[in-house]
Amino acid sequence: MPSLGRLHLITDTRPGCDPLAVVRAALPVARAELVVQVRVTDGTTDRQAYDLARRVRALCLPYRATCLVNDRLHVALAVDADGGHVGADDLPVAAARRVLGVDAVLGATAREPGGAARAVAAGASYLGVGPCHRTTTKTGLPDPIGPAGVRAVAEAVTVPVIAIGGVTAATVPALRAAGAYGVAVVGALSTVADPGRATAGLIAALTC
Ligand SMILES: Cc1ncc(COP(=O)(O)OP(=O)(O)O)c(N)n1
Ligand SMILES: Cc1ncsc1CCOP(=O)(O)O
Ligand SMILES: [Mg+2]
């Protein structure tokens, strides 16, 4: 399995967003350091999710960037994505691993060391850990765990920890110092005027 990219761009399909434009801007900057996770809003049909994932997959290929699909693992299989990401409301990690196969990249959401260790034992190849900071992109989340919460998880597992939730280039150094391998973002790339420039800022923070 190729090494995991450090910058995870999660697609924003809320009204008024153009997820493909953001992916197109980020790819030439981050190249193989980019992991694009296709995440769609609940009201999105499988056909719409498939069409978006198929396009993202095609855009990623020439850059050797990784393409994952959030929640809908049948869509991941249908577009031959590199893998998927599951959380508490999705297929259990072991079932997701059976669906995707042994070689797939499989991310699981974790918030504390016990859940993190269980997810890894069940077959997760990386963990999405958070919310680290307050986010405006997803509602209904528990309080942020901050860099200290990331550290607690990172010390409990050997797989890459991807910090998520309110991440910006300015908060990356503290998250990295806490043991995060990389970060996942929605707003930091999808709600800015120049996503290519924002990608460069995040990559610089992740690789220094
Ligand atoms: C990298 C990463 N980490 C966490 C999540 C959240 O997944 P989940 O808890 O299943 O919530 P939804 O994204 O499905 O709303 C993620 N998607 N990616
Ligand atoms: C899907 C998800 N899970 C925890 S926070 C989050 C959204 C992160 O979005 P942003 O980077 O805009 O805070
Ligand atoms: Mg989910």
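Heads up, the Cβ atoms here are built off N, Cα and C, so glycines get one too.
The model shown is predicted, which means the values in this text are computed figures rather than measured ones.
Annotated features, as they stand in TrEMBL:
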- 7-189: domain 'Thiamine phosphate synthase/TenI' (DOMAIN)
- N70, T109, K138: 4-amino-2-methyl-5-(diphosphooxymethyl)pyrimidine binding site (BINDING)
- D71, D90: Mg(2+) binding site (BINDING)
Those binding-site residues in D71, T109, K138 whose CB falls under 6 A of ligand 3, listed in sequence order: D71
Separation of alpha carbons, D90 (Mg(2+) binding site) and N70 (4-amino-2-methyl-5-(diphosphooxymethyl)pyrimidine binding site) (Å): 9
Local Cβ density at N70 (4-amino-2-methyl-5-(diphosphooxymethyl)pyrimidine binding site) - other Cβ atoms counted within 10 Å: 22
Intrachain C-beta neighbours of D90 (Mg(2+) binding site), sequence separation six or more, cut-off 8 angstroms: D71, A96
Number of other Cβ atoms within 10 Å of the Cβ of D71 (Mg(2+) binding site) across all protein chains: 20
Among T109, K138 [binding-site residues], residue with fewest other Cβ within 10 Å: K138
Neighbours of N70, T109, K138 excl. site residues, C-beta within 8 Å of centre, 4-amino-2-methyl-5-(diphosphooxymethyl)pyrimidine: I10, R39, D71, H85, G87, G128, I164
Annotated binding-site residues D71, D90, T109, K138, filtered by Cβ under 6 Å to ligand 2: K138
DSSP-derived class (H/G/I helix, E/B strand, else coil) of D90 (Mg(2+) binding site): coil
Three-class DSSP secondary structure - K138 (4-amino-2-methyl-5-(diphosphooxymethyl)pyrimidine binding site): coil
